[in-house]
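Asker: What Swiss-Prot records for 1-65 is domain 'RRM'. Marked as region 'Disordered' by Swiss-Prot: 48-101. Annotated compositional bias 'Gly residues' per Swiss-Prot: 67-101, in sequence order.
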Amino acid sequence: NSLHSAFSTYGEVLESKIILDRETQRSRGFGFVTFSTEEAMRSAIEGMNGKELDGRNITVNEAQSRGGRGGGGGGGYGGGRGGGGGYGRRDGGGGGYGGGGGGYGGGRGGYGGGGYGGGGGGYGGGSRGGGGYGNSDGNWRN
């Protein structure tokens, strides 16, 4: 996908995921990218901040880790409807935020709680191949 292609320029991308709305299956305006190294993550932050992706200007930064472990960097981006959004980067599996909401993703090897504003949804990333999205009633799916 375009997210993977745009960021693979900066290093090995382990996973890229665009978060979809549960009801409409349309993009919620943000996603996550996980790199194999922190160096690749930092290069992508510098190279992509303020750039256009799929017709939207994105903001790129490192997201806050919640008890994250060491390891590869990653992140998420938000294009947002109406030009909003943010790009969250995670270091060692922290989390990301995007759109007008906020929220934290899980780290590698576990779930880190959090929510995405405006509708009570939550997003939790899992191990490298995992990750999931769901609403606040605790029903999660990949």
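Backbone N, Cα and C atoms are what each Cβ position is placed from, and that goes for glycine too.
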Asker: Helix, strand, coil residue numbers for the domain 'RRM' (1-65) per DSSP?
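Answerer: Its residues divide into 18 helix, 23 strand, 24 coil.
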Asker: Return the average pLDDT for the domain 'RRM' (1-65) as a whole number.
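Answerer: Averaged over the domain 'RRM' (1-65), per-residue pLDDT gives 87.
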